[in-house]
Structures are given as C-alpha cells and as structure tokens.
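Record features, source TrEMBL:
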DISULFID  CYS454-CYS463  disulfide bond
DOMAIN    184-220  domain 'Peptidase M12B'
DOMAIN    221-289  domain 'Disintegrin'
DOMAIN    430-464  domain 'EGF-like'
SIGNAL    1-16  signal peptide
TRANSMEM  498-518  transmembrane segment
Amino acid sequence: MFLLFALLSEFGGLHACLDSEGILLHITVPWKIRSNESEDSEKQVIYIITIDEKPYTLHLRKHSFLSQNFLVYTYNETGFLHLESSYFKMHCHYQGYIADIPNSLTTLSICSGLRGFLQFENISYGIEPLESSARFEHIIYQVKNENPNIPLLAENYRNIWQKDQPYKDNLSSQETNLSKLLPQYLEIHIIVEKALYDYMGSEMMAVTQKIIQIIGLVNTECQFKKCCDFNTCKLKDSARCGSGLCCTSNCEISVAGTPCRKSIDQECDFTEYCNGTSNNCVPDTYASNGMLCRLGTAYCYNGRCQTTDNQCAQIFGEGAQGAPFACFKGINSRIDKFGNCGFKNSQPLPCDQKDVLCGKLACVWPQKNTYKSDIQSAVYSYIQGHVCISITTGSSVRSDGRDYAYVADGTVCGTQMYCINKTCKEVHLVGKKCNAAKKCRGNGICNNLGNCHCFPGYRPPYCEFQIGSPGGSIDDGNVQKSDIIFIKEDYNAQQNNWLILSFYIVLPFIIIFTIMIMKRNEMRKSCNRENAEHEGNSAIVPENYDVNY
C-alpha cells in the first residue's frame, strides 16, 4: 500500500514538475504498428516510442482492474462528503510490457493519445500527449521522488488503515476449486490527501484517471505460493522473497553467482548473475553499440551481432541470405509498401542514396523451390541476375516488437557506418561512453553501461591481469568474482609458503644424506683399492725362485 501512494505522489506531479523544476527527457511521436500475431487489433496493440533517441516497443493488451461503476467520493470546501460521477472510458486502458526489457511493465490509456506509466527494471517514466501539438507529439519524463513536502498520507488518515476490517473469506472449501476458474477481486480504498490532490492538478477527473493508471502497477509480492500468506496478501515472516529471477521456490534469495539471465548472443550479450542480496536480477548488460563482431565484419547492437544473413534466415528460414547491393537499391527505390525507408502520415518515404541499405530488408533465396513461410505478402524481383525477395511493412512483427521487414539497427551499411532508424550513420558519431583501448587496456570491451567487460584472465573494473579471473564486469551481478580471486591468491600464497618452509626443512637432510653417500662411496673406493693392492702383491713371483715341474 505504501508503494501505491509513493507512485501516486510521483505520477501526479506532471504539471507541477514541467512548469518548474522538472526535466523534460524527450519529445516522441508514438508509432502504432499492427501485429500479424494478433487476431483482434482492438485487444492487442503495439506502439514504438523513443527515449533518448533509442526506440522501445510497447506490447499492450486491453485490460482494466476496475469495474465500470467504481465509486469516487470527494470533500467540498465545507467538508461535506458527496459522490461524484464515475464515468470513465474503461475500454481505453491497456497493460503490457516493453520488448527486450526484463521485468518491465506498462499501463496506458490509449484514447486521445497515450497517457500512463512505463516501468523499466530500475527506472520509471510517465508519458502524456503534448496538447499544443498537432503532430501527435508526446512528452516522456522520468518519475522521481524528490519533493519531501508532499505527504504520502496525512496523520489523521493513518488510523483508517489500522482498523480491523470486517471482511472475511466466505468461500467454503468446496468452492475453492471453482474460484480458481473465476476472476479474483480485491476491495481497496484509496485516499488522496488534499496536498497530494492539489499537487496532482486539483481536478477530479484528471486525478482519478491517474489513479486508475497507477492501480495497474501494483505488482504481486508472491510468485511462489508457499511464500505468501493469502489472508494478508503479504509475504510470510519466514520468507525472504516471493518473486523475482533470483528468488528460489523455497522463498530464499539465490546464492551469489547463480546465473539469472543467460546470454542470447555469444559475442554481443553477457550472462547476468544474482548478487546474493536481491531477489531481482541485475539490469541486462551487453556489448556497447558499435563494438565489432563476426571477425570484424559486423557490429553489435542492443546485444546482438547484426547481419542481413541472420535477419533473412529468421524470416525465410535456413538458407536465405542477405541480398547484394543491387537488390537493396532496386527494392528501396520503389517507394511503396515493399520498398521504402519508413512511413510518414501513412505514406511511404523514399530512401536517400546513402540509406538504401537501411530501408526494407532484401534477401535472396538460393534454392530452386520457393521458400516456405507464414509470410503471405512478399514480392520477388529479378535484378541484375539475382532473385530478390522483400515483404510488406507490418507483415513480420514478432514477439520482440520489431518489424522484421526492415533492416535492423546496427547493420553495416558502409565503411565504419551502420543503420540507425532507417538512416546510415557513422559509428563514431552515434556516441560512445567508453573507450575500450584506454579504459579496458585492450583486455576487454565496453558494455552498454559504459564499463569494461573483461576477458577471462583479467579482473574488472579496469581489466588488470589476474590469474584465474573469469573476467566479466562490475555490472553483471557476480560480486563474488573478486573475492574468489583473492581467495585463490591467498590459497596460492599459502601453498608457496608451505613449499618454501618444506624446502628449508628437508634441505639439511638432503645435504646430510648426500654427504653420507659421498663418504660411503669414498670408503668403498678406498677398500677396493687396498684389496686390489693386496691381491697384486700375492701374485708377484721372485726372480730367483725356480719352478720345477
């Protein structure tokens, strides 16, 4: 409940923040695309927005946690309580997630623009339409709690939450199984204190609308049943956690060093680990955009080594390859749904000469038979001896939110150039926070957070040489790495000390033993010499001694 009021206090401060000390992060024009995986376009929608020039794909499904006839009470200036009309467009409310962002959550109203809340792993944004704009522009701002003067709950309201509520679970044991098949409802009372109400704009409809958006963001504490007390909807006293990638089914936080998010690309994405203190996995880490991969012929972008060969294989299957330049030039000169560099006001945009490799994806199918795919709208073009294939816009929007009909961002389009938003740009102009040659000493690469991801044998954060180091970065969550290295160092040092001590203890015995052997050998030689002389004297015959036979 405290989390709910914290969110309310922040999300409601849009007008005040924008007019005074707030920071406007970005102006974006949401782009609605349709998904070939959705049968009902009204129940599921996909939007693409940009934050700090980076596109994010929002997957939304129509859903509301509130009934149509929920009650809204207000106090007037004289303190009189009266009931307000609660007519709201509940069919406008959608929930969903942000593609490629683990543990993300969105709750938006999409009628008359996008209004709502975007929750990333460790940062939150609000979005609202810019009313003065005629181009569907929206403002996106970061939600922070930096105003200590706005109380979350006035003192005279605190006792309300402490009173015993008369609600009881009237479901019998026989009804328990049936209840699992039906929606579960929770009765909740939300009180907006006067100062918070004024802070949120002092307008009942606007404040209520924002509260509706926030209600969808109250996350569950319990992913595992044994961790939660269902009578209180809270964690059991013995449970350290109830959900999260680093929470075990026994309600314990995973041991530090346990992998919680595996790499999806051997060159451009990194494995993350539990840090031993949090039930959540650390934010995703991957190679900085613009790092070379595939033996220097491609670039990493958003954790993947981007090539047209891979993109074509994903659409048309194994064997499909990226087309030669002639195909891209011919297809993206069409200026129709099969060849373009994007759309504006529902009209296809032509590609500049330098951008033809960044528009619609062109592939070649080397086999004689036609390809087998779920894509129904494709065009074959015979250009300079090549059979080139392209597909219509929006016909291949996958679960990651990207329209595979276009060349992916990060794909090579020239010497030290790659595609960004259907435009060919120089890699060094895109901007890098980290110089791997200097910061990582050539022993690692930069990650998306501007830190070094070191090769095995080198220790973060600056990739210093260390025998036995598994490498990695200070961001991947494996906080035990340095400790393990130091333990190994101490263990090796102890081994060396024992070897030195043993050497000095054994050395005198070796010397004494060697001297004894040498003395024994000398004595043997002396005895052998005396025996030889004695035998020699016995064999000598005097000259005047006659021998008669």
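Backbone N, Cα and C atoms are what each Cβ position is placed from, and that goes for glycine too.
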Inset, instruction - Out of CYS454, CYS463, give me whichever of these disulfide-bonded residues has the highest number of other Cβ atoms within 10 Å. - result: CYS454
Legend entry - Local confidence of the prediction over the domain 'EGF-like' (430-464), expressed as mean pLDDT: 87
Legend entry - In three-state DSSP terms, the structure that CYS454 (disulfide bond) belongs to: strand
Legend entry - DSSP residue counts for the domain 'Disintegrin' (221-289), split into helix, strand and coil: 3 helix, 14 strand, 52 coil
